[in-house]
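Student: Pasting a structure here, questions to come.
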Amino acid sequence: MSRRVVRQSKFRHVFGQAAKADQSYEDIRVSKVTWDSSFCAVNPKFLAIIVEAGGGGAFIVLPLAKTGRVDKNYPLVTGHTAPVLDIDWCPHNDNVIASASDDTTVMVWQIPDYTPMRNITEPIITLEGHSKRVGILCWHPTARNVLLSAGGDNVIIIWNVGTGEVLLSLDDMHPDVIHSVCWNSNGSLLATTCKDKTLRIIDPRKGQVVAERFAAHEGMRPMRAVFTRQGHIFTTGFTRMSQRELGLWDPNNFEEPVALQEMDTSNGVLLPFYDPDSSIVYLCGKGDSSIRYFEITDEPPFVHYLNTFSSKEPQRGMGFMPKRGLEVNKCEIARFYKLHERKCEPIIMTVPRKSDLFQDDLYPDTPGPEPALEADEWLSGQDAEPVLISLRDGYIPPKHRELRVTKRNILDVRPPSGPRRSQSASDAPLSQQHTLETLLEEIKALREQVQAQEQRITALENMLCELVDGTD
């Protein structure tokens, strides 16, 4: 008599639970734009949701603690002249968010820690380079201020947000609309899916396709792809008969899938949210009322079904909290922010444990808010793994850090035109025109001016906080 052996896994009993009614965010007019993005982005400080807005595109940013009914006059982030299609928080600064729009622009915003009195209308910087709508945004996981955008012009642009410059432009790699883009863990490669049904692995700095697979899923509906911890590619798509399907692929051998599973028949695109610390992938379909989750391992069948969280209401979008924003004392391993038509509801995924002590096996060191590289270092060819932090004592978000944008003057790098003239005394280098004492005095005076301005800004911010506290 054979006896079935149950697979050992600490995540076999993960269960999902919706937060109580008073922990939801009510009366939010979630966007009705027909676009397959998540419409929601969250970090340990803020929740951002794309909303309906007249006369252009907008999204709302709420502090995580501001649950309950949201005032209809609550300030929005407005500035786009057409609907916002995607938003993404910077992984290295919890106060910085990027937005992409149908108006062909990408805008980067600084969100204050206090509640603003009126709409935020001025971005830190506007990035203009696409000729059609911009529908995909993705920050680099390890390099400071590096942002990727993909548009309806089938072009991927990688920006240095700190200077507003285009670092790289990948023009000729996709013959049709790009459906998804994902960095690997150290930001050296991209995985992209396209309407031409091809899954591509791209080295952006070399500007070449490293590997590609045609018809990873044979259906015509959009496909999604994410890198796993092991370097594999996890994909979701559709069969020829419009059944939803998931796949696991080895980029070194794209001929045969590592795993391929049919799921169900539905029109909703499955959005994969992957947690590299636990190697669990959560699948959320737009229009579905459930979240399915699977564990990816090195043992056959490689993609192991764990469970399904089901609810009554269909989801319009979904936000996924980074690991550093979870409550470790409650054994919380994931938290979603489910968008309904008029509200946002947190859904908490928990591993049941009897002990209240810190669970080392559930919480390995996880990527923190510090970048491992500068933009120029990454562009020159350097790679680095994310800077990890421990969650043993919980995570406290750092204080407000301002993103400074320094636009370079194009005239400084443009070669001189016309014949070169001989150098006169007035053309001599700065070091020869000024004595050392003069330079030191100028530097000291400038520093004093900057210091005075910073003190003035701090005083104004304190006054504003006092006014806000008084009105509350």
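Cβ atoms are placed via backbone N, Cα and C, with glycine included.
Here TrEMBL flags 436-463 as coiled coil. Residues annotated as compositional bias 'Polar residues' in TrEMBL: 420-433. Feature annotation from TrEMBL assigns domain 'DUF1899' to 4-68. The region 'Disordered' annotation in TrEMBL covers 408-433. Marked as repeat 'WD' by TrEMBL: 77-119, 127-169, 171-212.
Give me the structural setting of these features: burial, nearby parts and distances.
Tutor: Taken together, the residues in the repeat 'WD' (77-119) have a mean pLDDT of 95 on the 0 to 100 scale.
Outside the repeat 'WD' (127-169) by six or more residues, the chain places 35, 37, 82, 85-92, 98-108, 175-178, 180-183, 185-187, 190, 192, 194, 204-205, 207, 367, 371-379, 383-387, 403-408 with a CB less than 8 A from a CB of the stretch.
Long-range Cβ contacts of the repeat 'WD' (171-212) within its own chain (Cβ-Cβ under 8 Å, at least 6 residues beyond either end) map to 36, 136, 138, 140-143, 146, 148, 150-152, 154-156, 158, 218, 220, 222-227, 229, 231, 233, 235, 237, 249, 251-252, 254, 276, 378-379, 381, 383-386.
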Student: Could you give me the DSSP helix, strand and coil counts for the repeat 'WD' (171-212)?
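Tutor: Final tally across the stretch: 0 helix, 22 strand, 20 coil.
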Student: With helix taken as DSSP H, G or I, strand as E or B and everything else coil, how many residues of the repeat 'WD' (77-119) land in each class?
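Tutor: Going by DSSP assignments, the repeat 'WD' (77-119) contains 0 helix, 22 strand, 21 coil.
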